[in-house]
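Here the structure comes first, spelled out in structure tokens, and everything after it is commentary.
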Amino acid sequence: MFSDFQNELHYNQLYPDFGFNTVLFENDFKGIFPELFLVLTILLLLVYGVILSTSKEKKYPLLIGNIGWLGLLGIFLTFVLLIKNPLSDGLIFYNTLIIDQETQFFKIIALGGSFFSILISLDYMKKEGLNGFEIIILTLLSTASILFLISSADFISMYLAIEFQSLCFYVMAGSKRDSEFSTEAGLKYFLLGAFSSGLLLFGCSLIYGFTGITNFTELGKLFTPGGQELVTGLYSLRGCELGMIFILVGLLFKLTAVPFHMWAPDVYEGAPTSITAFFSITPKISILAVFIRVFLEGFYDLMIDWQTILIFSAFFSMILGAVAALSQNKIKRLLAYSSIGHVGYLLVGLCCGTIEGIQGLLIYLVVYVLMTINIFGIVLFPLRREFINSVHRIKYTTDLGMMAKTNPVLAFTLTVSMFSIAGIPPLAGFYSKAFLFFATLSSNLYLLAVIGVLTSVVSCFYYIRVVKIMYFENPKNWLSFSQIPKESALVVGISFFFILFFVFYPSPLYLATHKVALFLSL
């Protein structure tokens, strides 16, 4: 074990600007000011909601819309503060949190995903009777935890942020209390999530027990060829590798990667569709940021060990996502298995361990978020049966029958999104997959590249089947879209615009992702 004096000396040498020789909390609160603002906003909204919703004078108003729009304003102002933050680089709170280009990139995507997820959900929650404003509060709390998780530079801060995020997700999954499926989804998510958190914590404790270190950068220096002699002599390198495997398994569960995916289809189907949309987007952003920080910074010199496990997981995630979705008729289960396949593609970029691989991962992540928002935005639209005024929701793929006649604009929009997510040229999804596979080939991972191409071809079947239903299949019961919510239409339009924009002008996305990937390699 290092002595306290050696620890202090070592940190001063590594981080002269942000170590022990600086004034405590001098820049710390500047670094997390956007997160603090969001947390303060959430607390104010919670107090406001509790007081007003229990007011007899106001006749116990429903505040889901009011709190929702105020929450969106809070996320937007958090985004502005993030862009204008004077502290753009550094380690804060005794090196437990980090601010750099990677964290800013992932936070921008996470805030955008959360903003649009809430926006497309407002009308859905009103019409489905999800009147509790607490759902919006939980969504905002999980967004704040995601921001902290992206900034984590230490196992302690990482675990606390993951647990903060998970606790919100458990309640959100079971928020539709009159639905047995939602209750089952929340309980199943809680039980399996608690088990994975235990594995993650056990891995962190093993690493700390054998090294006395919890900081990712410190671990990276300890596992260099020169530092491994110290580990081998004083500690057990095998014990560290075992701890790393437990951490990897815990994170793969949170990412819904094979073979730790078993909970995802049931939870995605049982949870309210608005919550499913949120689950499909933002958690993956934060967990991928942690993956990059932990394994490409902390355990990079042990890449031979963790790369094998990631290759295995990516290999079978792509296969399962393509094959299992073929037999799905329920739209949410289809999208759940589809997301497992996309997790496999994202893991391919991590397996490369190169600048090209990380850039391919970032490009694919941005395009995936846009396509998922677009698809869920349309799935959340209310339907009505012919001659019946009752509201109907898209549950089965057959509910989209002949949508090309009832609403040709939406049918065309969903068709383009399906073609893009399938990887059909010349859409954005094709270019993101092509960039990822070229990076895989340059890393000599030929089998992963071949499997990726083959599974992309197989997945085209069920994506194009949805398009065929919209244009060529007559439904048993004709369904048409009722009045489309303006906020949802806005989100669908914006995401559709960017899907087409990156076809004709992908340079901004390529340059931004290359800058982040290059920064991570330094």
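Here the Cβ of each residue, glycine as well, is placed from N, Cα and C on the backbone.
Automatic prediction, not curation, is the source of TrEMBL annotations.
Noted in TrEMBL for the protein shown:
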- 152-458: domain 'NADH:quinone oxidoreductase/Mrp antiporter transmembrane' (DOMAIN)
- 63-83: transmembrane segment (TRANSMEM)
- 129-150: transmembrane segment (TRANSMEM)
- 156-175: transmembrane segment (TRANSMEM)
- 187-210: transmembrane segment (TRANSMEM)
- 242-263: transmembrane segment (TRANSMEM)
- 275-296: transmembrane segment (TRANSMEM)
- 308-327: transmembrane segment (TRANSMEM)
- 334-355: transmembrane segment (TRANSMEM)
- 361-383: transmembrane segment (TRANSMEM)
- 404-425: transmembrane segment (TRANSMEM)
- 445-467: transmembrane segment (TRANSMEM)
- 488-505: transmembrane segment (TRANSMEM)
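If one looks beyond the transmembrane segment (334-355) by at least 6 residues along the same chain, the residues whose Cβ comes under 8 Å of a Cβ in the stretch are 255-258, 261, 264-265, 268-269, 276, 280, 284, 288, 291-292, 295-296, 300, 303, 307, 310-311, 313-322, 324-325, 328, 361-362, 364-365, 368, 372, 375-376, 379, 397, 421, 433, 436-437, 439-440, 442-443, 445, 448, 452, 455, 459, 462, 514, 517-518, 520-521.
361-383 is the stretch from 156-175, 308-327, 361-383, 445-467 with the greatest number of Cβ pairs below 8 Å to the transmembrane segment (488-505).
Between the transmembrane segment (445-467) and the transmembrane segment (129-150) there are fewer than 3 Cβ pairs closer than 8 Å, counting only residues 6 or more apart in sequence, so the two stretches are not in contact. By number of Cβ pairs under 8 Å, the transmembrane segment (308-327) is matched best by 242-263 from the list 129-150, 156-175, 187-210, 242-263, 404-425.
Counting only same-chain residues 6+ beyond the ends of the transmembrane segment (242-263), those with a CB under 8 A from a CB of the stretch are 162, 166, 188-189, 192-193, 196-197, 199-207, 209-210, 283-284, 287-288, 290-291, 294-295, 299, 302, 305-306, 309-310, 313-314, 316-317, 319-320, 339-340, 343-344, 347. Packing against the transmembrane segment (187-210) from elsewhere in the chain are residues 155-156, 158-159, 162-163, 166, 169-170, 173-174, 219, 231, 235-236, 239-240, 242-251, 253-254, 260, 262-263, 266-267, 270: each is 6 or more residues past its ends and has a CB under 8 Å from a CB in it.
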